[in-house]
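Student: So that we are looking at the same thing, I have put the structure below in structure tokens.
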Amino acid sequence: MKISFLLLLAIVICSIGWTEAQFTNVSCSASSQCWPVCEKLFGTYRGKCMNSKCRCYS
């Protein structure tokens with residue numbers, strides 16, 4: 001049972017699309033500051049502030 005759980009967990013982790021997030025060097029303190037940056041750079045308003053840097057999602 002434990003092996004099947006670990007196998008399922010490994011499959012889920014491997015199937016996550018890591019390339020969907022785009023990192024930027026733009027400093028931020030709130031996610032709302034990233035929305036215009038993401039629109040300008042990647043054409044999408046979906047973004048958030050992580051570790052004081054904007055991260056945009058496609």
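For all residues, glycine too, the Cβ spot is worked out from N, Cα and C.
Swiss-Prot lists C28-C49, C34-C54, C38-C56 with the feature disulfide bond. Per Swiss-Prot, pyrrolidone carboxylic acid is recorded for Q22, and the stated evidence type is similarity to another entry. The signal peptide annotation in Swiss-Prot covers 1-21 and is backed by similarity to another entry. Residues annotated as site 'Basic residue of the functional dyad' in Swiss-Prot: K48. Swiss-Prot lists Y57 with the feature site 'Aromatic residue of the functional dyad'.
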Student: So, three-state DSSP: helix, strand or coil for C28 (disulfide bond)?
Tutor: coil
Student: Would you mind listing, in sequence order, the residues at least six apart from C38 (disulfide bond) in the same chain with a Cβ closer than 8 Å to its Cβ?
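Tutor: C38 (disulfide bond) has long-range Cβ partners Q22, T24, T44, Y45, R46, G47, C54, C56, Y57.
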Student: Tell me the Cα distance separating K48 (site 'Basic residue of the functional dyad') from C34 (disulfide bond), rounded to the nearest angstrom.
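Tutor: So the alpha carbons of C34 (disulfide bond) and K48 (site 'Basic residue of the functional dyad') sit roughly 6 Å from each other.
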Student: For K48 (site 'Basic residue of the functional dyad'), name the DSSP secondary structure in the helix/strand/coil scheme.
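Tutor: Its secondary structure by DSSP: strand.
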Student: Test of understanding: give the count of other CB atoms lying within 10 angstroms of the CB of C56 (disulfide bond).
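Tutor: C56 (disulfide bond) is surrounded by 24 other Cβ atoms within 10 Å.
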Student: In three-state terms from DSSP, label C34 (disulfide bond) for me.
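Tutor: Helix, per DSSP.
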Student: What's the CA to CA span in angstrom from C28 (disulfide bond) over to K48 (site 'Basic residue of the functional dyad')?
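Tutor: Their Cα atoms are separated by 9 Å.
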Student: Enter the number of other CB atoms within 10 angstroms of the CB of C34 (disulfide bond).
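Tutor: Around the Cβ of C34 (disulfide bond), 23 other Cβ atoms lie within 10 Å.
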